[in-house]
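Written below as structure tokens is the structure these notes are about.
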Amino acid sequence: MLDIQLLRSNTAAVAERLARRGYDFDTARFDALEERRKSVQVKTEELQASRNSISKQIGALKGQGKHEEAQAAMDQVAQIKTDLEQAAADLDAVQKELDAWLLSIPNLPHESVPPGKDETENVEVRKVGTPREFDFEIKDHVDLGEPLGLDFEGGAKLSGARFTVMRGQIARLHRALAQFMLDTHTLQHGYTEHYTPYIVDDTTLQGTGQLPKFAEDLFHVTRGGDETKTTQYLIPTAEVTLTNTVAGSIIPSEQLPLKLTAHSPCFRSEAGSYGKDTRGLIRQHQFDKVEMVQIVHPEKSYGALEEMVGHAENILKALELPYRVITLCTGDMGFSAAKTYDLEVWVPAQNTYREISSCSNCEDFQARRMKARFKDENGKNRLVHTLNGSGLAVGRTLVAVLENHQNADGSINIPAALQPYMGGVTKLEVK
């Protein structure tokens, strides 16, 4: 959520920054709401002053034996009380309308974010590793994976399109990848491992920005036997739960930064993705991801963003996968982000790079929604900055390992860093 004080003091500047990311901020609507709010507040202050003045007169009138005048004054105070209750209701209505609107407004882009309308104008930062040249006809991960235990028909039979069953060697490799990622982040990068719920309420999703704007992207659930039919949601990412662990908290500054990680399934309806990536694991309704979250001092958040990107890169380097880092332009950033880097891994069968990690600094946007604060060196409570990043998407990493490390006979070389997690197995072979 944007800072309302910033909006009030620099409305035009905020509107201009939002326009950079393609959001048309309705300045006239905001001004009208502010005028209503101010009008009600002025009226409230006038009524309170009148009530206080008349209340002081009542005692004096009674002392002078002017009982009729005292009663009239008391009647006035009673009417003012009614008027104040109405003014409070009017102010509450204005505030609720303003708050609901603020929840739908995206974050302001950082000044370093390149301008652009969509993904075609993202800016490449660097490429790492050289895509392998194959001397045989390569296969995609579907053709490679199915003989090794990747079962798309089985997933469709159980749950419909965009679900997958893994068994045997592929299931083990998938598990090994997640375990390797967790160990790297906890043992080398200083993150604390968490296990968090996969079902959350609307307040939690509002805190990180998925609600109210992106409800159609979520899976909704209701509890059996719950007559109220309260809606809950399957998490789209562990960012939601990890970040919300500090909701409503005041963190001592010496405890910052907090570095959190979790391996979880992620559930997404892919409402706007009809017809995209219908083959294979690239776009699924259910997929696993190892998530990184940092809760940091505001002055250190952009250093933390670069660090987090490096942590995701270390996984790709260890798995010997070519990749590139890009800065998302203003028109391609996520709702809550002030700046985002995407890591894209080379996918040989598609002859292109595909997103495998997204690392974002949300500054105080999520913290304001969650009321997540820290106590600074002067004892003042201030909003923290929150960051999140994929470290990595496990299914897409599986795709990259299969395709980049394939052999002519359909076998898959296991990267050295992953072999301890595979019981020393160095190659997956069709049996």
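Glycine too: its Cβ is placed from the backbone N, Cα and C atoms.
Within the same chain, the residues at least 6 positions away from Glu239 (L-serine binding site) whose Cβ sits under 8 Å from its Cβ are Thr208, Glu291, Val293, Asn388, listed in sequence order. DSSP assigns Glu239 (L-serine binding site) to a helical segment in the three-state reduction. The L-serine binding site feature in Swiss-Prot is assigned to Thr237, Ala238, Glu239, Glu291, Ser390; the stated evidence is sequence analysis.
Annotation for Glu270 (ATP binding site): spatial neighbours Arg162, Asp217, Lys276, Arg283, His285, criterion Cβ-Cβ under 8 Å with sequence separation of six or more. Swiss-Prot lists Arg268, Ser269, Glu270, Glu355, Ile356, Ser357, Ser358 with the feature ATP binding site.
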Statement: So Glu355 (ATP binding site), by the Cβ count within 10 Å over all chains shown, scores 15
Query: When you average the Cβ positions of Thr237, Ala238, Glu239, Glu291, Ser390 for the L-serine site, which other residues in that chain have a Cβ within 8 Å of that mean position?
result: Val240, Leu242, Ala262, Ser264, Cys266, Lys289, Val290, Met292, Val293, Asn388, Gly389
Message: If you measure from the CA of Ser358 (ATP binding site) out to 10 Å, which binding-site residues from the list Thr237, Ala238, Ser390 are inside that radius?
response: Ser390
Task: Can you tell me how spread out the ATP site is, meaning the largest CA to CA distance among Arg268, Ser269, Glu270, Glu355, Ile356, Ser357, Ser358, in Å?
output: 19
- request: List only the single closest residue to Arg268 (ATP binding site), chosen from the binding-site residues Thr237, Ala238, Ser390 by CA-CA distance.
  value: Thr237
